[in-house]
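Structure, as structure tokens:
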Amino acid sequence: MSKQNHFLVINGKNCCVFRDENIAKVLPPVLGLEFVFGLLGNGLALWIFCFHLKSWKSSRIFLFNLAVADFLLIICLPFLTDNYVQNWDWRFGSIPCRVMLFMLAMNRQGSIIFLTVVAVDRYFRVVHPHHFLNKISNRTAAIISCFLWGITIGLTVHLLYTDMMTRNGDANLCSSFSICYTFRWHDAMFLLEFFLPLGIILFCSGRIIWSLRQRQMDRHVKIKRAINFIMVVAIVFVICFLPSVAVRIRIFWLLYKHNVRNCDIYSSVDLAFFTTLSFTYMNSMLDPVVYYFSSPSFPNFFSTCINRCLRRKTLGEPDNNRSTSVELTGDPSTIRSIPGALMTDPSEPGSPPYLASTSR
């Protein structure tokens with residue numbers, strides 16, 4: 001290892017490394033919000049999956065794996081936040097550094113893969129409702145999920161057996177995205193995990209919208225909302241991942257043109273990359289919205305909870321007001337009755353035709 005200004009040799013590769021104080025000021029609050037909301041959303045989703053789903057279906061199995069990937073990514077954010085707060089001085093040793101980088105990469109990739117699978121599953125159920133893929137068993141869906149996890153782990157496991165911590169002056173650098181004069185497997189996967197799923201998600205979303213409009217189903221208010229939701233999912237995916245990918249491509253172009261002879265030219269793009277990289281974690285924070293709209297079990301669960309709260313409140317009112325009502329009127333029949341809708345749980349499932357088709 002050698003050091004000259006921002007120049008650093010990492011594992012035999014010439015790299016440019018920066019410790020920008022702006023990262024320590026700006027990113028920790030952003031990651032903190034992503035952690036809090038992501039933990040609440042995905043934690044609640046996993047709780048519903050594990051304890052409140054009456055039955056499992058293939059589409060729900062894919063959603064469950066998406067929630068697992070998002071949750072595992074979210075719980076790594078406090079360690080990444082501490083790394084930023086310490087201005088790129090990792091305090092927990094080499095093995096925890098590898099584990100954190102592996103978990104971030106694996107679960108970011110896993111989240112993207114299962115989000116893509118959910119889009120493909122929805123595509124077949126809406127556009128090709130009689131396709132044999134719509135009839136796969138829960139066992140087959142579980143096997144597919146395990147296979148996808150195996151691929152994800154295989155593509156990112158190199159982070160576990162490679163020493164990712166490097167001494168940088170008086171600090172320990174822990175990062176998998178240093179600016180180095182080489183095109184690594186990690187960089188290739190970072191680009192591929194965006195462009196390939198993006199193409200699939202855009203194709204599936206476009207075909208779903210076109211199919212619904214061909215059947216003239218898009219005139220229904222609930223179907224319009226479903227179409228809007230499909231578009232929002234695609235837009236959020238682009239907003240979360242495109243900025244960091246675009247900046248990374250810019251870095252590759254600068255490396256091609258200038259090598260690492262002058263590290264100063266990379267200062268601004270390095271700051272831009274790690275800033276936009278924090279947007280990718282926002283996708284895991286927003287995925288609970290996908291669970292809510294993709295399966296009627298989630299809105300039904302929340303409706304049941306709200307109804308139970310209202311029922312308890314309404315049941316308490318007659319007890320509190322009963323003596324007063326009798327005293328004033330002399331007739332207990334004047335006491336208000338509880339609406340029947342609050343006395344019964346909502347039926348399963350009460351969703352619009354399009355959304356219901358995604359969970360059958």
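Each position is counted from 1, following the chain as shown.
Cβ atoms are placed via backbone N, Cα and C, with glycine included.
The annotation compositional bias 'Polar residues' is assigned in Swiss-Prot to 321-336.
Look at Swiss-Prot and you will find Ser325 tagged as phosphoserine, backed by similarity to another entry.
Residues annotated as region 'Disordered' in Swiss-Prot: 320-360.
Within its own chain, the topological domain 'Extracellular' (1-30) has Cβ neighbours under 8 Å at 81, 84-88, 162-163, 166-169, 171, 173, 175, 178-182, 259-260, 263-264, 266-267, 270-271, 274-275, 278, counting only residues six or more beyond its boundaries. Residues annotated as topological domain 'Extracellular' in Swiss-Prot: 1-30 (among others).
Residues or ranges marked as topological domain 'Cytoplasmic' in Swiss-Prot: 52-60 (among others).
Taken from Swiss-Prot, the feature topological domain 'Extracellular' covers 82-98 (among others). As a whole-number mean, the pLDDT of the topological domain 'Extracellular' (82-98) in this prediction is 94.
Swiss-Prot lists 120-140 (among others) with the feature topological domain 'Cytoplasmic', giving sequence analysis as the kind of evidence.
Residues 1, 3, 8, 10-11, 13-17, 19, 83, 86-91, 93-94, 97-98, 100-101, 105, 109, 155-156, 248, 251-252, 255, 259-260, 263, 266, 269-270, 273-274, 277 of the same chain sit 6 or more residues outside the topological domain 'Extracellular' (162-189) yet have a Cβ under 8 Å from a Cβ within it. Here Swiss-Prot flags 162-189 (among others) as topological domain 'Extracellular', drawing on sequence analysis.
What Swiss-Prot records for 211-226 (among others) is topological domain 'Cytoplasmic'.
Per Swiss-Prot, topological domain 'Extracellular' is recorded for 248-270 (among others), and the stated evidence type is sequence analysis. Secondary structure of the topological domain 'Extracellular' (248-270) per DSSP, as helix, strand and coil residue counts: 19 helix, 0 strand, 4 coil.
Look at Swiss-Prot and you will find 292-360 (among others) tagged as topological domain 'Cytoplasmic', backed by sequence analysis.
Residues 60, 63-64, 67-68, 70-71, 73-75, 77-78, 80-81, 84, 278, 281-282, 284-285, 287-288, 291, 297-298, 301 of the same chain, all 6+ positions outside the transmembrane segment (31-51), place their C-beta atoms under 8 angstroms from a C-beta of that stretch. Residues or ranges marked as transmembrane segment in Swiss-Prot (evidence: sequence analysis): 31-51 (among others).
Here the transmembrane segment (61-81) has long-range neighbours at 27-28, 31-32, 34-35, 38-39, 42-43, 45-46, 49, 92, 96, 100, 103-104, 106-108, 110-111, 113-115, 117-118, 121, 138, 141-142, 145, 148-149, 281, 284-285, 287-288, 290-291, 294-295, meaning same-chain residues at least 6 beyond its ends whose C-beta is under 8 angstroms from one of its own. Residues or ranges marked as transmembrane segment in Swiss-Prot: 61-81 (among others).
Taken from Swiss-Prot, the feature transmembrane segment covers 99-119 (among others), and the record attributes it to sequence analysis.
Look at Swiss-Prot and you will find 141-161 (among others) tagged as transmembrane segment, backed by sequence analysis.
For the transmembrane segment (190-210), the list of distant contacts is 108-109, 112-113, 115-116, 119-120, 122-123, 126-127, 177, 218, 227, 230-231, 233-234, 237-238, 241-242, 245, 248-249: same-chain residues at least six beyond its ends, Cβ to Cβ under 8 Å. Residues or ranges marked as transmembrane segment by Swiss-Prot on the basis of sequence analysis: 190-210 (among others).
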Counting by DSSP secondary structure, give me helix, strand and coil numbers for the topological domain 'Extracellular' (82-98).
9 helix, 0 strand, 8 coil
Tertiary contacts of the topological domain 'Extracellular' (248-270), as residues 6+ beyond its ends and Cβ separation under 8 Å:
5-7, 14-16, 18, 20, 177, 179-181, 183, 187, 190-191
